[in-house]
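Record features, source Swiss-Prot:
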type	residues	note
BINDING	Glu25, Asp27, Asp85	Mg(2+) binding site
ACT_SITE	His41	active site, nucleophile
DISULFID	Cys45-Cys51	disulfide bond
DISULFID	Cys47-Cys190	disulfide bond
CARBOHYD	Asn250	N-linked glycosylation site
Amino acid sequence: LDMGHMVNAIAQIDEFVNLGANSIETDVSFDDSANPEYTYHGVPCDCGGTCTKWEYFNEFLKGLRKATTPGDSKYHEKLVLVVFDLKTSSLYDNQASDAGKKLAKSLLQNYWNNGNNGGRAYIVLSIPNLAHYKLITGFKETLTSEGHPELMDKVGYDFSGNDEIGDVAKTYKKAGVTGHVWQSDGITNCLLRGLDRVRKAVANRDSSNGYINKVYYWTVDKRATTRDALDAGVDGIMTNYPDVIADVLNESAYKAKFRIASYDDNPWETFKN
């Protein structure tokens, strides 16, 4: 996946997909009552990114729905997966379940159109804090109680805090999650980060008893770092410049081994060579 970073305004969806992104990452901030409120990153900003664009969350979802509904004038066939970077650090730990419930209601209504020909993209709920794992259970309970448990087929998970792989595995056990797991690793593009933990995550993904289905690395804006990440075997790279990632994927060394994922690829299935 060529993942566009900090896509928080509806107009940016077109912009990033047109540059080659087949996936976007969107920041979600919450109010004091754990309602998802804005798609907004805010300062401090990464280097080279635009961090002050925003929409109301529900309005962004409507724009995203149009971009991922076949037949809509705004439809992009290429856009197959959306990562919601859930900014739950503003919440108390005991609000995580509520945040999940409210997030599910927002998505059900504004993105999935109450189960009636809504947006088709796969969704990854990315949570920064292992202590907030009940966001997942709250989300699942709500879709089930609202009569749409089948939509969980479209939902995956990520803990984005660069925690020990073993601790993440334990947390998924607590949350009752047995699949659909993406593992992110990374740091703001202003700083350098080695690939040690990425290699551990890839090893877990490729082992017979690992919990990880896919690994993505963030935030990469340089060709050299892109090559290093691909050499380490990642499934996705998050970037402010999707055209840079697309260019590297077109280099002869990578063309033979990697291709841009399409909607027919299963994002919850580990790719076997």
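Positions of Cβ are set from backbone N, Cα and C atoms, glycine also.
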Cys51 (disulfide bond) to the residue listed as 'active site, nucleophile' - Cα separation in whole Å:
5
From the recorded positions Glu25, Asp27, His41, Cys190, pick the residue whose C-alpha lies nearest to the C-alpha of the residue listed as 'N-linked glycosylation site'.
Glu25
Relative to the mean position of the Cβ atoms of Glu25, Asp27, Asp85, the recorded Mg(2+) site, which additional same-chain residues have Cβ within 8 Å?
His5, Met6, Val7, Asn8, Thr26, Val28, His41, Val83, Phe84, Lys87, Ser126
Distant-in-sequence Cβ neighbours of the residue listed as 'active site, nucleophile', under 8 Å, six or more positions away:
Met6, Asn8, Asp27, Gly49, Cys51, Thr52
When distances run from the Cα of Cys45 (disulfide bond) to each of the recorded positions Glu25, Asp85, Cys190, the nearest one:
Cys190
Could you state the CA-to-CA distance between Asp85 (Mg(2+) binding site) and Cys190 (disulfide bond) to the nearest Å?
19
Cβ density check for Glu25 (Mg(2+) binding site), other Cβ within 10 Å (all protein chains) comes to 27
Can you tell me whether DSSP puts Cys190 (disulfide bond) in helix, strand or coil?
coil
Protein Cβ atoms within 10 Å of the residue listed as 'N-linked glycosylation site', excluding its own
12
Expressed to the nearest Å, what is the distance separating Cys47 (disulfide bond) and Glu25 (Mg(2+) binding site) at their Cα atoms?
16
Cα-to-Cα gap, Cys190 (disulfide bond) vs Glu25 (Mg(2+) binding site), nearest whole Å
18
